[in-house]
């Protein structure tokens, strides 16, 4: 489906740039920045493939994606002073990527006839865990665990996607509806500054 | 074997609660706490499955375990003020889980005809590395590498398990004996405050 | 090929000792040191096997390597006061290991008919990511991302290796040439204190 591929590329680009930017903030060298950008972009899909047993991991045989990521990283490094100015388009791309990566992850788990709860988990991992590995490599507690509605958008979207499966006439639109729903939840939560409550122990 | 499954559930619960507690100490949001609890519980088995090539990873097709972990995490969060009071039952569960996860890991490696030393390593990874991933995600040096007799109990238990293999008449009891031995070593080392010496460089 | 195996053992030893040394600097206990040394040594190959789908992961069925690593770790611990004195032989071993691990990683990816760019990436991961996992476990930003020419030597070597593939008469020497080239680049960059520029954001 062409629309999905275009969105997928936008998501990959957004994740790559966010990884490159995080690497530059930590003053890594060029190689380090490429690795962080790469891992942010393909990390979630890699964990998905390892968990569900896709062999080899998908990016290993997907050369265009490798070149796309390296190219986007170099562009980020050379245009580093312009990145801040594209902050809000980046958030849009990132939200699109979130929805798109979730849907591809969910679908691949679903193709293996995994139970619905697992499909939601696998989709969420696909969409979110590239950023988790990025944060681990940069020696931070993953922002995912302390941040606005991000993974939660995936889980809500997964519930919707599961529900849509019962309406066979919606079948071909289900992916796009879920993607747009996750996108909308994410954007609305940023706009309105909504986050999950932090849970702490009384002392 | 029913006794083993019951113990396995106790171990899973103990690991889940310990993960949820660690997440609350770091003031994560609800989603972060669920992820940490989940990873603490199934992380060791996941690494085991990836290393020995079980495909897909076991929890992916084990929905009851997923629900059990989510349920136990929510319970931990709502009952957070009671967790400290069950500190010593938790240590018992944890020690039972340690023994039980070791035995299941060892047995699965053994079914693939891996050499005995590898079976001990795989069993130890199954029992201990959920906690290692928890500590990495929470940005700590894994407590496993600086703590009392924990992995060491597994390695001793593994040696015993290997030895028991030579007595064919003990075959059906070997698992339970190893499990109880690891449990006993762990509990005794806590009681008597025994730990491995730290090794440091002279400066 | 016997020369390659001898070099491989030297590399494994150098990586093991470097891991054990890092663990002692962080004052881990004996078990922690063994794990860090082990992971430094076999971590890169493990990620390679998981990515390209070798099943089970190679070290799991390679008992001699397991014993070699444990033995070298114990030797490092007991001889901890002598390690500093062998600093420069260690750098030589490490550079040899880097070249050797790269070549074995590249070759295994190549045997699976993966594209050349991927072979270079897989070879680099094999050579470098044991150290990355070591640094993550010790709660540091991987030194690989902020250090002298290290991974870069692998990438240059990979380009050479790919080029050598076009000269069929060089086929049997290609591995050794690449290995020595990576070794030379690494040693020369240490000697002349050459590193990649750090990239930082203007503020």
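Glycine is treated like the rest: Cβ placed from N, Cα and C.
As written in TrEMBL, here are the features:
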TRANSMEM  B:6-23  transmembrane segment
DOMAIN    B:6-78  domain 'Glycine transporter'
TRANSMEM  B:30-47  transmembrane segment
TRANSMEM  B:59-78  transmembrane segment
TRANSMEM  B:90-106  transmembrane segment
DOMAIN    B:92-162  domain 'Glycine transporter'
TRANSMEM  B:112-137  transmembrane segment
TRANSMEM  B:149-167  transmembrane segment
TRANSMEM  B:173-190  transmembrane segment
Proximity verdict for the transmembrane segment (B:112-137) and the transmembrane segment (B:173-190), three or more C-beta pairs under 8 Å: no
For the domain 'Glycine transporter' (B:92-162), the number of residues DSSP places in helix, strand and coil: 58 helix, 1 strand, 12 coil
Positions whose Cβ lies under 8 angstroms from the transmembrane segment (B:6-23), at least six residues beyond its ends: 32-41, 65, 68-69, 72-73, 76-77, 80, 83, 90, 93-94, 96-101, 104, 130-131, 134, 138, 179
Residues in the domain 'Glycine transporter' (B:6-78) grouped by DSSP into helix, strand and remaining coil: 63 helix, 1 strand, 9 coil
Distant-in-sequence neighbours of the transmembrane segment (B:30-47), which means Cβ under 8 A and at least six residues beyond its ends: 12, 15-20, 22-24, 57-59, 65-66, 69-70, 72-73, 76-77, 101, 104-105, 125-134, 137-138
